[in-house]
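*Asks:* Have a look at the structure that comes next, please.
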Amino acid sequence: MGPDVPLLNDYKQEFFWKRFPQTVLGGPRLKLGYCAPPYVYVHQLVLFLTPWLLGGIGTLLYQLRVLDEAFAGIVSGALMLGVGAIVQGMARCMARRTGVVQRLPAANNILADEEEVEFTHCVAPETVRFVVPGKRFMGNVVLHTCLAGALCGLSTWYLLPHRLSGLYGHTGAGLGAVVSLFALSWVTVCIGEYSLIVNTATETATFQPQDTYEITPLNRPMYILAFIAVDLALRFSDSGVVELQVASQVLHVLFVVLPVLWALGMLSPLDALLLWAMEQILVYGLGGSAMSTNIRLLVMFLSSVCVAICTYFIPTSLGVVLFTVAMGFLFSQDLTQLLVLVKGVSPTLGLGWWGLPLSLLFIIGALTEAGLLHQLNLVNSGNLTLNTNSVENWESSGVVPPNPQEVLGWLLIALFFITRLLRELQGACIIGGAMLNPLYPKRVTTAQAFRRKTRGLRVAGIIRRILLNLVSPLTMIAFLSVDESLGKIHTASLAIGFTRAFRMVWQSSEAALLQMVLVVIIKLAGGHRVAHWHDLGTTVQLILVSLVVNRVSQFVCKLSFALTVLITSWTESKQRRQSAGTLLALNAALCPLLLAVVALSALLSAPLLPLFTLPVFLVGFPRPLRSWPGTPGTACPCPDSVYYQQLCKRLASAIRPALANGAFGSCTPGSHYLGRFQGRLLWISILEKGYGYCTVNIKGLELQETSCHTVEARRVDEVFEGAFDHVERPGQCFRLLNPNWGNALIPCSLLPVRVYSDAQSVLTGIIDSPDHLRQLNSDFLKTLVWILLRYCVQEFTCGAQRTKGQTLQTSGRKSQSSQHPVPSEAGPAVIKVETQVRPESSSSSHLRGLDSSSLSSFADWSDEDDLFGPVPVRRPMRMMVRTDEAQTELGLGVSLPGSVEIHSLYESMALSSLPTLRPLGLGLGLGLPIIDKGKENIPAPTSTTVRTNSQPLLFTSPHSELFSLPADWRTANLASSKLQVLRPCFPEAWFCFCLSQLVLESLGEGDFEQVTQGLQEDRALQELYTQVVLSCCVALGADAQVFSPNLLFRLYCGDGPWTEGLEWLRANKELHQLTLRAFRYSVKLLVDQASLGPVESLDELYTTLQDYHKNWFIGLVSDRSWQDSVVQEKPFLFSLGHDLTMGTYTSRVLSLQENLVQVGALNEEGVRGQWANLSWELLYATNDDEERYSIQAHPVMLRNLTIQAADPPLGYPIYSSPPIHLRCL
């Protein structure tokens, strides 16, 4: 797609220009897109102006001196209450008349803006429903009606001309200005009233995707009431407060601008406003942290307010110090982890119960230090006050007595610079990403080498951790304990200040250290000479400094993001639209306005919203740092999610030391990081941070690479390579510069993580080589012998009481026979092989159906699939195999990204429509017997095939019972000629070798030789295994002298052609699964021998098979067992695939090993700004076009990846972890 793709397509543009005027006016739909009778518009216009009319009545009565101010407002409010009741009553009556089913209000129904209504007359039900959709809940009808009356009455009082003249009389404002202010203010009131009582417009500032409880109608009236509340406070104040009067004058002017602010979406919805206000007060007023969930935020906010109130009422300064230190430490912990300990579950990556006594010892030490220093300071200050002669002696000698707080201030400055320097050394980049860290290891490929080269950095990180988490809190507590403002604690500001200060010491030691250092520097630089600065007290100074530091930091980040959008709109050729030059010129000409917008967004801690991600900047509405209303952990799961599920658990343990050592930089709530490993991209968000812990959310982005995804992923790789694998450039001055500085991503660190490494190979020359395929038959027989013998031994040694006919789980799962063996039956020493004459089953028809539909039983196929690209994510389907008893689920289909297996490329498509597949012989019913579909299922005549060996077999060794096989496995109806031809292929030497090895493993060195000799000389046992193994080989279809690649692949998938004994084999489900596993093992052995060389001895073959059984899952990506093996962290996984487009067979191997995951920091304000635009674009403009401009790849801003990482339903991460608690002390 080119850069000039439309921002909104034609359909959406028409939709937007119908919706936006409705938003501006608060609900009237004056542009419908179709013809409507004039009375529809008249109704809406009358209802819109009704509040002004009713308020005018009260105003007129007041101006005529008929009523005073209060009664004038009451009259207007009562009239509005009556009108609102009538309007809502009509709406509910019409809803009842037209039936129980009624359409949703327009604010919640996107289609309501597009429906074409047939109007019959002015009071018809459809007309009333169109003008006044009504409320869903009766409680809202009552609440909104009463609120509309109160709003109209208070607005009448608020906008009385006499009041406006008195408010602005001394400013020289004339009558014209007052009249204009009066008229425009009533327009604002009419907009708020209409959205409350008539019809609610869709707001540009939308936080929740669904307005379930009809909160949106309350947004605009609540802002109006907030403005009125300030004026009421001024009216009822005993003496005119200058600050309130100025505020009222300013708010009266802003009252006129409210419709513009609503239309631009700068004012938060009530739910977002409440959460944002609680978060800001908790962080900057009470010293807490942004919380990971809304419930935690509410509980922590209320608890912190209670602590501040209690601090105000504590009578002594010593009690204040001890109480605030203890409460600060307690609330800076994640107390929910105590519940985890009580439940008996070890906390995530924590110390368990050991953390409690350690924390108790530390807080006791902190309390002791604070109490002693405070008391000593009081004693010393008392002594200095009483002993004035000593002071005069100090002054006469020219030596000023040392101030304890000043000494501690210098110590804090030293700690700050040391910890900051040690933190800078931990990351790959320094000075905000502008330069590369020369001490960070480069071109490291293995985790072992990385650990070896970063040993010195880890020692520095441990030193920093000790200084920051142990020394700094104690020093800061000492600094605050000797503060002179503790003597004036019984003021609200100081009570809040000390509560916050002692909380920040624990909650965010690094931020608290920076703030105290700035306060100390200001004091040393002569801050006492600034008017009223010294009178504020240290703790209030800390509050102001923290706000300034945060807002300045936000301003710098937002300005950097704005410059990135501006510059790349021209420098990136694929982002350069025709309007780019015009927009750049406008931004340059209106540079002061741009800076004002950036400053305002920073001041409000609101996102800077680039409209359609163009250099057109707006102030988004303030919202919590998490940006989304829901609890983290929602995702759009797919089969590929399992890889992130395994990776996230390991990544969380690797993040802990990196966070603690400072490798991630200034890690605060709201920070975002991007992790990269092979084809996987991880989005790491910091949700919450406290003393010694951090709560993170890890998201996995889709593995299927779209074109946009590929462009940005390639740039991410370039950024990481420039930092971690860069080649030294000539010149001492510029060799350390970051070549990708200015990108939204700043490389931070490498993390050793135990993760699956993905390797794909094309099997051309291996799977189609006659030499290799000729060996497959022999390997299969050997593998099947080993599996059957091992199965019997494990049954016997386990001693369980289950029957041998129980279903065995699919190969590779941890519930397979190696983990959950089935016990053997106690049987006699003499085993009789029964002669059976069985009628041929009538189920050949459904076998034909099974064979021919095997490819269409996995998932969906679409003509839009990119056959040359990655595999599309499909919803998994279950494949059912019919047996005589029931239906058995074989597995749940999943697909590994990039896989070219036949089951994932052509899953449910009719094979007749795939002419390229016909030569492969797949699903065409080849080899099946001819049947007459018109006839009923009549039992076929008895078969003439009988068991070749009809004589009873006599075990000569008493230990042969251990290796006996179930009777059902010896009942195959196969022609004796087939088995006689294959009898020489039975590996007798291998059979004897396996017997000796298994006896050695089971019995040890005791009677090993005698038992082994007896078993090897037992011809009945060998005959039994010969018969069963060869029968399985024939039934599976693996008796071909030379396999074709197509037949090998079909047998590997368990979808081979119909054979004479296939029905018998599938009826014995357990034996079928063992046989299939043996064939898959033999295919893996074939691939290994072709790659690594042939197996040279029986002992090597035995060891190889044992390794397969213990450490490998060998099967299909579409098996549910594949997912289970990934979650259970099976060391290796192997699968075959078939690329139909290229005509090649492939292998895929996942190996679990420790690899280096690259992690970089993202511009958090850039992320918030793009998410704000996404919210506006999808929830308001409904611009969900998959090819829209704002979702196109942007290699500098990483726009496509950022949109993917948003919470559903706006984003689409395929995995999102619940909040993960990490202990980082």
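The backbone N, Cα and C atoms fix where each Cβ goes, and this holds for glycine too.
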*Asks:* Using Swiss-Prot as the reference, determine which range in 40-60, 544-564, 985-1005 is annotated transmembrane segment.
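*Replies:* Checking Swiss-Prot against the ranges 40-60, 544-564, 985-1005, the transmembrane segment one is 40-60.
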*Asks:* Return yes if the transmembrane segment (40-60) and the transmembrane segment (504-524) have at least 3 CB pairs under 8 Å (sequence gap of 6 or more), otherwise no.
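*Replies:* Result for the transmembrane segment (40-60) with the transmembrane segment (504-524) is no.
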*Asks:* Restricting to the chain of Asn1173 (N-linked glycosylation site) and a gap of 6 or more, list residues whose Cβ falls under 8 Å of its Cβ, or answer none.
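*Replies:* Expected: Leu609, Pro610, Leu611, Phe612, Thr613, Ser1190.
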*Asks:* Are the transmembrane segment (250-270) and the transmembrane segment (311-331) close enough that 3 or more Cβ pairs fall under 8 Å, when only pairs 6 or more apart in sequence count?
*Replies:* no
*Asks:* Below 8 angstroms Cβ to Cβ, which residues of this chain, lying six or more residues outside the transmembrane segment (70-90), approach it?
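*Replies:* The answer is 47, 50-51, 54-55, 57-59, 61-62, 128, 132, 134-135, 141, 144-146, 148-157, 160, 193, 197-198.
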*Asks:* What count of other C-beta atoms do you get within 10 angstroms of the C-beta of Asn1200 (N-linked glycosylation site), across all chains shown?
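*Replies:* Around Asn1200 (N-linked glycosylation site), other Cβ atoms within 10 Å: 23.
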